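*Asks:* Shown below is the structure under consideration.
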Amino acid sequence: MGKEIREPRQERSIEKKNRIIRAGYELFSEVGYYNTNTAEIAKRAGVSTGIVYGYFRDKKDILTAVLTLYMDKICEPIFGMFDDISASGIREVIPKILDSVIIAHRDNAKIHEALHSMTHTDEEVNAAFIRLEDEITSRLESALTEAGIGLDAPRERIHFAMDVIQSFAHEYVYDHHEYIDYAKMRGIVTETLYALFAQ
């Protein structure tokens, strides 16, 4: 029988647990998941190793919490923009989503690299990213329907759009090819996305 894990209820305990998650987030970003141990996470969080194990079964449990934090940071602003499609129209929202994804990649570059590199070797991490794609697809499809935008093969269009946006964000934030005019490329991406969702 596994040990019982405490779910913090008091503000002080919640803050301790959050410090552990933030410490894991920072260390996984800096040195990678496999080069981090629980003792280092405890030290960074300013708590004892025993307290860490009071809230988490193991390092993998911390990784799950870090994944949730990362995905919330990335997606909450974007999900908010989905709600604007009805009011603002798809042409107005696309550049905002593009900017949000670029900012998210830039501000979370190290943890993004650390977590995405694990999708090829860790089934749970890969499954978490697939669930995220599923949620994005479902929420955007609902937002388009509510906005009265009826499309043939909406899910396929959404997945293609995700690939285009992610590819552009990687190019813009990480790759920096000298021969690329990023303003022009951004315009091409924006028009491509608009064409995908325009009626």
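Indices start at 1 and increase along the chain as displayed.
Cβ coordinates come from backbone N, Cα and C, glycine included.
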*Asks:* If TrEMBL is the reference, give me the range from 17-36, 37-56, 77-96 marked as DNA-binding region.
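*Replies:* Per TrEMBL, the stretch marked DNA-binding region is 37-56.
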*Asks:* Where does the mean pLDDT land for the DNA-binding region (37-56)?
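*Replies:* Averaged over the DNA-binding region (37-56), the predicted model reaches a pLDDT of 95.
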*Asks:* For the domain 'HTH tetR-type' (14-74), give the DSSP counts of helix residues, strand residues and coil residues.
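*Replies:* Its residues divide into 49 helix, 0 strand, 12 coil.
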